[in-house]
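Engineer: Under the heading active site, nucleophile, TrEMBL lists 43. What TrEMBL records for 187 is active site, proton acceptor. Marked as domain 'PNPLA' by TrEMBL: 10-200. Among the features that TrEMBL reports, region 'Disordered' is placed at 352-376. Marked as motif 'GXGXXG' by TrEMBL: 14-19. Residues or ranges marked as motif 'GXSXG' in TrEMBL: 41-45.
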């Protein structure tokens, strides 16, 4: 990190054209002085993360904004979103196009091909830089079509190429599977649309304790009963792709208890215990990092059709993401800095502290330092 910037981890969901919301949130994150040291993304989140890790030119967040301006697709119906979506379903000249034989007799495994996305990638991502040692760590995820397993492609273990990014966003049946080293891959969001685990599993001890992790959400877990077909599709999409990481726990209290238990175990276990030498112990202890996760939540009004790339809609989503990130980071700034600067583990849910179920872990605007454990 250079100057007075502050290191963070960044987790980016998939969501097609909703990725403009991520770009707006990222602009605010950069303006606040935070810089991602580790990024994980799936689908459009992988695309965004790759631009941030290795922009072709200029400042990363500005290059990302340029990309989304470039993806803004003019068409004949700028005032009517339902027609914007229908028009984009015929293709996007800078992202995807209909297969030539889609309306013909020859069968195809997908509706579109994504060769235009390759051209767009080359404009905004420097792949030589992406694989350089000094580049932030990037992990993009894809789903193995044959096995159903998640595959994590990292610039620390692979030489990342455009096909790795394209595989992460190859959502069927819209897009074809992408072949990499003899295996075929679909969109990583099929397996997990919020790749928090893919970030947590590669943290070292210092990062586990002192790296704030920002998760930008594009889909809300909460919603209303749909009143028409479009609303039904929107709500189904939200439920399929919303952040399910916390559903591992039976509510916020259990998650807090689990994190605190891990901190206790890490501190209380004797230094010479053979348990500390087990790889499984280190994998488990990385989950202490869940106490350092901050969510920039989805704003449902701004996040509708995932294929509406109209310039007006992209601009509104960008602005909404920028605003949401500002609100979240202002509320959590003290806690974020506390994690970066403090050298003692934090008890994330001290008794009597107000909790907020929408933004786990429980963090408020009370700038009183939380209770600290003392090393025994």
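Including glycine, each Cβ sits where the backbone N, Cα and C put it.
Explain the structural surroundings of these features, please.
Structural biologist: Long-range Cβ contacts of residue 43 (active site, nucleophile) within its own chain (separation 6+, distance under 8 Å): 13, 14, 15, 16, 168, 169, 171, 187, 188, 189, 193.
All protein chains included, residue 187 (active site, proton acceptor) registers 25 other Cβ atoms within 10 Å of its own Cβ.
In this model, the motif 'GXGXXG' (14-19) carries an average pLDDT of 94.
Within its own chain, the motif 'GXSXG' (41-45) is flanked in space by residues 11-19, 22, 138-142, 168-169, 171, 187-189, 192-195, which lie at least six positions past its ends and keep a Cβ under 8 Å from the stretch.
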Engineer: Please list, for the motif 'GXSXG' (41-45), how many residues fall into helix, strand and coil according to DSSP.
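Structural biologist: Computed counts for the motif 'GXSXG' (41-45) are 2 helix, 2 strand, 1 coil.
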